[in-house]
Structures are given as structure tokens and as C-alpha cells.
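Annotated Zn(2+) binding site per Swiss-Prot: H108, H112, H118, in sequence order.
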Amino acid sequence: MIIKIHNQTSFCIKPFKSLLIKMFLPIKEKKIMHLIFVTNEKIQELNSFYRQKNYPTDVLSFHNDLTFFAGLEDNSLGDVFISFPKAQEQAKTFKHSLEREIAFLAVHGFLHLKGYQHRTEEEFQIMLALQEKILQKVGLNLDKTK
């Protein structure tokens, strides 16, 4: 899988790029996924327009049928928008590193693009287990503060 990372914020995301690429590299699918880092204002705008929820959220996923970055490529899986400020806030709240939070949100968005949902407790547990499995492969366990 090819990961294309876009930064639409003033925050430095360079320290996270190699982890994100390493995390998705083992996936043998010949698709492109765009990870777009945005502000709370931008993600709130997207959340309001597409989900009718007028507040900032941490991560949003859009399949390639929408005209963001993914809409420009035939072999695109989709776009994952991550609010960098929300990731910072959640890392503090959950008492783990920003690296771990960003990785978690990227994996969460990826799984949504692959069709996973968490509308029921069963779906939530399946998705959580998959997230943990992917994070463990790069040394970021859900129960660790790394």
C-alpha cells in the first residue's frame, strides 16, 4: 500500500511520517491511501457537511468516490483526515504519546475505508482487535504509553 501524507496545518508532522509509512507498508494491496492532517476548524467543517455533526472530531474517512485527494486517482482506497490538534488533546487525555495517538487514528480511518464499522459492541471489539494487531507490529500497544 502506498501512503501519501498531506499537511494542511502549521504543525510539524515530519516525525510521524516514517512510522505511518512503516505501519502500512506490509499491506500488500496495490492501493493509495491519503492521510491528510488538518485543523479542528477544517475537520469540523467536513464533519458538519458530510455527517451533519457541527463539532470537531478526531478522524474522518472518505472513500475514493468523493472528490478530495483520492478522487484524483483510479487506484485510491480513499482519504483519512486527522485533526492534529484533536490528536494532541487525546494523547494528553489518554496519557500516551502523540505518536501512538496519530498511529491509532490512521489505523482507525484505514479500517473504515476497508468497510469496518463500530455501530455495535461486537463491531467495536472486532475493530479494536484489528487496530491493536496493526499497532503491535510497529511496537505501539494500546495498553502502553509509548
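Just so you know, glycine gets a Cβ as well, placed from its N, Cα and C.
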For H118 (Zn(2+) binding site), what is the secondary structure by DSSP, using just helix, strand and coil?
-> coil
Far apart in sequence but close in space: which same-chain residues, 6 or more away, have a Cβ under 8 Å from H112 (Zn(2+) binding site)?
-> S61, V80
For the recorded Zn(2+) site formed by H108, H112, H118, name the remaining residues of the chain with Cβ within 8 Å of the site's Cβ center, in chain order.
-> V59, S61, G109, L111, Y116, Q117, M127
Binding-site residues (H108, H118), the one with most neighbouring Cβ atoms at 10 Å = H108
